Amino acid sequence: MAQGLELSVTDFQSTWNNVQHHTEEIRSDYLIVRRGQAFNIILYFRGRGFQPGLDNIIFVADTGPLPDLAKGTRAVFSLADHQSPSPWMASLETNRATSLEVSLCAPPTAAVGRYLLKVHIDSFEGSIMAYQLGEFILLFNPWCPEDAVYLESEPQRQEYVMNDYGFIYQGSKNWIRPCPWNYGQFEENIIDICLELLDKNLNFQTDPATDCALRGSPVYISRVVCAMINSNDDSGVLNGKWSENYSDGTNPAEWTGSVAILKQWHATGCQPVRYGQCWVFAAVMCTVMRCLGIPTRVITNFDSGHDTDGNLIIDEYYDSTGRILENKKDTVWNFHVWNECWMARKDLPPGYGGWQVLDATPQETSNGLYCCGPASVRAIKEGDVDLSYDTAFVFSMVNADCVSWLIHEGKEQRLHRDTNSVGNFISTKSILSDERDDVTENYKYEEGSPQERQVFLKALQKLKTGGSQGHYRADSQPSRPMPLSQDSPRSLDRSSLRPSDVIEVSLKFQLLDVPNMGQDIRFVLLAVNMSLQFKDLKVNLSAQSLLHDGSPLPPFWQDTAFIKLFPEEAKTHPCQIPYSQYSQYLSTDKLIRISALGEEKSSPEKILVDKIITLVYPTIVINVLGAAIVNQPLTIQVIFSNPLSEPVADCVLTVEGSGLFKKQQRVLIGVLKPQHRASITLKTVPFKSGQRQIQANLRSNKFKDIKGYKNVYVDLTL
């Protein structure tokens, strides 16, 4: 009688498999594979080898707490039977005297997550033996043409899946600055934290079997992750805060990477980390999505609309000094940051796959949860705001119209309607380069073109007929009561003339110097008379700090100019705001909004002009001393300075970089004298080869985010 086949040990060949599956950066001692692509394991037997026809080997792959064949969270598939109903496959590679190499393959639609692999060995007339072979992780596969996240271009896969650092664009449309960021999606324990994040989502908590079964869908996973990055509904990763007091946490401007945030969330038993704002939410979401295998990039939209009442109009209110008044509903964010994730959209008509907007910043609810998207970028461009998910809300962020109102003696006077001020210089990091890529044309037709207005009207019509999906309503009230006048702010059938066209005077601000932090701000107001009549102008000027979400702080500088202009004459009115005047009013966003409200004695019309100034810091300089080689000591010099003409205290320098530092380095500097320049040297041992980046941040009691970065190529050997 034949002896039953006994398994002695299994080799998952994780080092070799992980290289084939582009997961060796995560780890090499644990099997991490991608769906739709085969991986090989070796079974070693005791006593005798595998005999085809005599022995039958059946594999079982389970994921989630309640594996179920019907739901697709349990797969049962045989080595011999290729007629098996299971989409999972096993085939014999090499049969040796006492070992068997087997090729296994998960279907390109399988649920992602942690799996337990088991085997049942049924020998002829022998007993059936069952063994647990071990655990492995299954990820999305952008290299597999049958996977919903398939991306054809290898340079794009390298940038949007494999690159672990990048830039997030901040500032204003007049001064776009790259903020270096350590995504670190392959750093130690990050994949485990990403899987923990999936298990903390509300759907898993209430119905884990269904949640796990849906994890094969990138649309589903992206909505789950989007809701979990903020903590508004759940024990999500980040608490959002838009104010000036961050004393019980970290100022959002100080972060330089996602790894410290995710590790803190995990270490504290999934307590939300304080604090995040839009770029932090988007950066952490980028880390999680790239780790799971979904191609993802971070997008910045300058002058981003936040229209809460669904009429595609953002109302802004000003007083007679030209200062902007706080509007609790509609706002224009100086910049707003979200993600694009690449996926097929089988749930939408053909042509709407590709890049999808996901916005983890908690602004509005979507089907009851604080998440936004995936919204097809193509649908946004075409005005198809009725397509899932939250397309109308994203459309308003890039293409709402702006109406300016003057509030004077309790009455509202409409100043003008601007059809092209929202959605500018939509930016992301270029592929395999440090340059900025402008992707505005992916989101909308050129401002002022007939197509752009046609799409706007199409979107508005769909909203009015209730065709919008999700939370967005077109029939809700405007931000303030509408003035009872013929010139309704909602009428789209006539284009409104700007007051400057009526008065025939142009006002414009021009900076005289780079607005360096710590120095006086010098600028002029340029007034041009475009008519053949004499003009007598009174202009109220003011300056106020802004938060990046558009919230204004009280004005700290005001001036009045009386300007007399002969026909076709131009004049400049010089202005100066001393550092001593703006320093105590500055927000951490370093934004100052200067505005001028002009009126001509013979006309009731008023002209409003404004400019947002972003104050500039000196950057941190990072020098790498010597060649960077894996497992060899490396010395790094960091040079930084206090840009202010006053001492600063509580200075802390943080330095990090995936593959270069095992964890974020914090150096307590203490006090820096006025204009003082200092340097420190750090020693580290690089542990990963290839292109790497060092990110640094200097904070003090007077400033929070002086940043710098340095790209480093790490060689394997000398």
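Using the three backbone atoms N, Cα and C, a Cβ is placed for every residue, glycine included.
Now, the feature entries from TrEMBL:
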type     : residues                       : note
ACT_SITE : Cys278                         : active site
ACT_SITE : His336                         : active site
ACT_SITE : Asp359                         : active site
BINDING  : Asn399, Asp401, Glu447, Glu452 : Ca(2+) binding site
DOMAIN   : 270-362                        : domain 'Transglutaminase-like'
REGION   : 467-497                        : region 'Disordered'
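Within 8 Å of the Cβ centroid of the Ca(2+) site, not counting the listed residues Asn399, Asp401, Glu447, Glu452, the chain contributes Ala400, Thr419, Asn420, Val422, Gly423, Lys444, Arg453, Phe456. Each residue contributes its Cα atom, and for His336 (active site) and Asp359 (active site) those atoms are 10 Å apart. Annotation: Cys278 are the recorded positions among Cys278, Asn399, Asp401, Glu447, Glu452 whose CA atoms are within 10 angstroms of the CA of Asp359 (active site). Cys278 (active site) is 22 Å away from Asp401 (Ca(2+) binding site) when you measure Cα to Cα. In this structure, of the recorded positions Asp359, Asp401, Glu447, Glu452, the smallest number of CB atoms within 10 A of the CB marks Glu447. Taking a C-beta cut-off of under 8 Å and a sequence gap of six or more, Cys278 (active site) has these contacts in its own chain: Trp333, Phe335, His336, Val337, Trp338, Thr361, His548, Asp549. For Asn399 (Ca(2+) binding site), the same-chain residues 6+ apart in sequence whose C-beta sits under 8 angstroms from its C-beta are Gly305, Leu312, Ile380, Val422, Gly423, Tyr443, Lys444, Glu452, Val455, Phe456, Ala459.
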